[in-house]
Amino acid sequence: GNLIQDLGLCHHVRVLNFVVSVLELRDPRSSEFVRVTDTSFSGVPARVFESIAPGPERLKRGVIYFHGGGWALGSGRMRSYDLLCRKMAEELDAVIISVDYKLAPDAHFPEQYDDALSACRHILKAEVLASLSMDPERVAVSGDSAGGNLAAAVTQQVLKLDQRDSRPARNQSGPVNQGRACLAQQKLSDGGAICSLTQLAVDTSVSVRLKAQALVYPVLQALDFNTPSYQQNSDVPILYRPLMARFWLEYLSGDLSLVPYLLANNHTALDQSQEAEEAWAKVNWTRLLAPTFHKHYKPVVPRQGTPRLLEQLPGLLDVRAAPLLAEGGVLKKVPPAYILTCEHDVLRDDGLMYAQRLEEAGVAVTSDHYEEGFHGCMVFAFWPVCFSVGKRSLRNYISWLEQNL
């Protein structure tokens, strides 16, 4: 990819994306167990996987899923994600919506985030949930790697928008899918007092709250590229430390020549801004990580940094790009979380620190750590590239959703 870019033929990310995902794209093929369709929500492409079960129609769980790939690679239409979402839909008897947000180098922050948020907000409209037979009380957001980043950021922002937009639903009349509205009435009834989805379905201002978030080896911050997991796994496939810095720069529309400065933590040196110092406290791994993960590693905090880094890359301190930097007041209101981390992954500590901050905020958290796990392992649960840790992590991930959604 770099060679082709040096020759002026094509951006290296496009070459990598062609190799990684384009050759893996699959058409939307339904089976006897899962109905698969391609559609869009608020103009954002998505693939919908709906379980097909015998018996009368009923409301189902729903999961809004964001694929990984460093905000630059991948697609929900890839074989690996197609198989993942099919399995989730079938085993959970659920509706899984795999969102295809824009990618770098054609899009940069906040475009990927905006796509994710826009799609999520649209899906959470009561009439959209009703059209898909999704239970408004059992909707989760999930994602892996960069998709986990988007899932965490969207969860925080949807919460803020819900608080801003929450107001009594207006009485409106209009045609509604009567069968599905009836199901919703039964679900939302409480001691004889019925909150009718017929009313909700015609009022797009009504917010539906997410019930859960499931983050799979998420990337959550770019302030410290020298956490113990970054140092320990610097040269471990699939996600090398310099590659993660490159992904961040692609996402934030930065110059790739800045990679060495990020890796040296020059953007968070002691002589940097007060804002950076305050943000640093939220990624202080010496406090947030259990001692067993510290090992022999020491914090890397240069005395003098590179001021232009924060000037050129303000997204480094933006919670929409780095959800780990969110204030405690926001975190305490997010839904219960499942966070999967792997020992052999530079992003291990991002997930562990977020789990700790959520727990400190009073949020119910399931931290699922795999000593033999590596970045991306969960999608390696299907033939022909199949690992035992991939199968086990996928089984536990789906089990958590089944129990908590």
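From the backbone N, Cα and C atoms, a Cβ is placed for every residue, glycine too.
Among the features that TrEMBL reports, active site is placed at SER145, ASP345, HIS375. Among the features that TrEMBL reports, domain 'Alpha/beta hydrolase fold-3' is placed at 63-160, 316-378.
ASP345 (active site) sits 5 Å from HIS375 (active site), taking the CA atoms of both as reference points. Rounded to a whole number, the distance between the Cα atoms of SER145 (active site) and HIS375 (active site) is 8 Å. Ranking the active-site residues SER145, ASP345, HIS375 by the number of CB atoms within 10 A of their own CB puts SER145 at the top.
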